[in-house]
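Participant: Sharing a structure with you now.
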Amino acid sequence: MAPSAETEYGDNVEVPDNKSRVTVVGSGNWGSVAAKLIASNTLKLSSFHDEVRMWVFEEVLPSGEKLSEVINQTNENVKYLPGIKLGRNVVAVPDLEHAVRDANMLVFVTPHQFMEGICSRLVGKIREDAEAISLIKGMEVKMEGPCMISTLITDQLGINCCVLMGANIANEIAVEKFSEATVGYRENKDIAEKWVRLFSTPYFMVSACQDVEGVELCGTLKNVVAIAAGFVDGLEMGNNTKARQFKRSLREMKAFSQLLFSSVKDSTFFESCGIADLITTCLGGRNRKCADAFARNGGKRSFDELEAEILQGQKLQGVLTAKEVYEVLRHRGWLELFPLFTTVHEICIGRLPPTAIVEYSHS
Ligand SMILES: NC(=O)C1=CN([C@@H]2O[C@H](COP(=O)(O)OP(=O)(O)OC[C@H]3O[C@@H](n4cnc5c(N)ncnc54)[C@H](O)[C@@H]3O)[C@@H](O)[C@H]2O)C=CC1
Ligand SMILES: O=C(CO)COP(=O)(O)O
């Protein structure tokens, strides 16, 4: 690893540090792959420090060892990404404050339901010049209305936040199968391009799109659709039914996004974050898998139970997002405009049977 300014020049000499330091906040399935991607690039790009800190929500493994210690010993996240070397320059850090201290590039990648708590712990603890990017697919619903995770980060921490979304099933990228992703940004194209450089590899092609809300809403809403796709699979309704759902869901995703933010562009739905993520998640994602099991069990086993059994600690985002979307729709009087989103939530909470997924509308 490159020597730090302190070891090279002695403690008393002020050396300007023009290099960026990256911390990944989160170490689940995608968090670990993101750390691996980034770490392969910080070694190559002279504008970044080699070391990538990865904050680990500490847990004790069945062996009695701490997850962060095992990651640092083996260079593998044995729980969330077994069998994949992260890169020796990835350092697992269980203390959140310590993980973010010194970093000017913060990559947030945790299940969305934990972000409010994480942000409140980070207030006053991060560098003032920090830039953030969120890889998190989800949103919060507050009294004032829906709040995207990038907005939560900006509002709570007072920093700019881009997003990175796409057709990105983490286990496939972990073994370096080709995929694309979209960085959504608000105004500062230079920052977006810096994120693009940090993530891009020959097997992970990233492009920038000036539509932060559109990109983030695509990533968020497709998780609701993946639940619907799982119901269709679990009921063995076939490909035509599933394709019909793609059609309907794209329409609802676009209408919902553009009702919330008139700035959302049509073209965003044709980027990796849009149609491509919708398809991959409905074919191979965790939300689809758990919803398939839910429908096969006739809705008699809860999503919480299935999530724990099937995902072994990884988290579903779609069920919670369906509830959050439903709250927005109900509050605004839009339920009837969004029959697919509405029906998904009503099936998840047991108000409707899984078969209702094709009964809601014949449009
Ligand atoms: N896994 C995938 O293929 C992809 C996931 N994403 C998104 O990335 C985000 C993060 O997902 P993953 O990295 O896959 O996580 P995951 O679902 O694999 O893992 C769950 C993570 O949550 C942590 N955790 C559990 N309880 C916690 C608590 N109370 N506070 C804080 N952390 C806690 C666990 O330690 C673990 O790191 C989600 O929004 C997901 O939609 C996006 C693209 C691909
Ligand atoms: O977002 C994803 C792929 O882009 C992963 O989706 P799941 O959480 O359903 O596995």
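Sequential numbering from 1, following the chain as shown.
The backbone N, Cα and C atoms fix where each Cβ goes, glycine too.
Unlike curated records, TrEMBL annotations are generated automatically.
What TrEMBL records for 22-188 is domain 'Glycerol-3-phosphate dehydrogenase NAD-dependent N-terminal'. According to TrEMBL, the NAD(+) binding site annotation covers Gly26, Ser27, Gly28, Asn29, Trp30, Gly31, Phe57, Phe114, Ala170, Arg286, Lys315, Gln317. As annotated by TrEMBL, substrate binding site applies to Lys137, Arg286, Asn287. Residues or ranges marked as domain 'Glycerol-3-phosphate dehydrogenase NAD-dependent C-terminal' by TrEMBL: 211-359. Residues or ranges marked as active site, proton acceptor in TrEMBL: Lys222.
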Participant: Using a 6 Å cut-off on Cβ distance, which of the binding-site residues Gly28, Ala170, Arg286 come close to any atom of ligand 1?
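Facilitator: Checking each Cβ against ligand 1, the ones under 6 Å are Gly28, Ala170.
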Participant: Across the domain 'Glycerol-3-phosphate dehydrogenase NAD-dependent C-terminal' (211-359), what does the mean pLDDT come to, as a whole number?
Facilitator: 97
Participant: Closest to Phe57 (NAD(+) binding site): which of the recorded positions Lys137, Lys222, Arg286, Asn287, going by Cα position?
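Facilitator: When the Cα distances are compared, Lys137 comes out closest.
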Participant: Looking only at Trp30, Phe57, which of these binding-site residues has the biggest number of Cβ atoms within 10 Å around its Cβ?
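Facilitator: Result of the Cβ crowding comparison: Trp30.
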Participant: Just give me the nearest neighbour of Gly26 (NAD(+) binding site) among the recorded positions Lys137, Lys222, Arg286, Asn287, Cα to Cα.
Facilitator: Lys137
Participant: Of Gly28, Trp30, Ala170, Arg286, Lys315, which binding-site residues come within 10 Å of Lys222 (active site, proton acceptor), going by C-alpha to C-alpha distance?
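Facilitator: So far as Cα distances go, none of the binding-site residues lies within 10 Å of Lys222 (active site, proton acceptor).
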Participant: Quick one: DSSP breakdown of the domain 'Glycerol-3-phosphate dehydrogenase NAD-dependent C-terminal' (211-359) into helix, strand and coil?
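Facilitator: For that range the per-state counts are 116 helix, 0 strand, 33 coil.
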Participant: For a Cβ distance below 6 Å to any atom of ligand 2, name the recorded positions from Lys222, Arg286, Asn287, Lys315 that qualify, or say none.
Facilitator: Arg286, Asn287
Participant: Looking only at Lys137, Lys222, Arg286, Lys315, the recorded positions on record, which one has the least crowded Cβ, with the fewest other Cβ atoms within 10 Å?
Facilitator: Lys315
Participant: Once the chains shown are all counted, how many other Cβ atoms turn up within 10 Å of the Cβ of Gly26 (NAD(+) binding site)?
Facilitator: 25
Participant: Express the distance between the Cα positions of Trp30 (NAD(+) binding site) and Lys137 (substrate binding site) as a whole number of Å.
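Facilitator: Cα-Cα, rounded: 11 Å.
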Participant: Which are the residues of the chain, Lys137, Arg286, Asn287 excluded, whose CB is within 8 A of where the CB atoms of the substrate site average out, their centroid?
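Facilitator: Those within range, site residues removed, are Asn223, Ala226, Thr281, Gly285, Arg288, Leu316, Gln317, Gly318.
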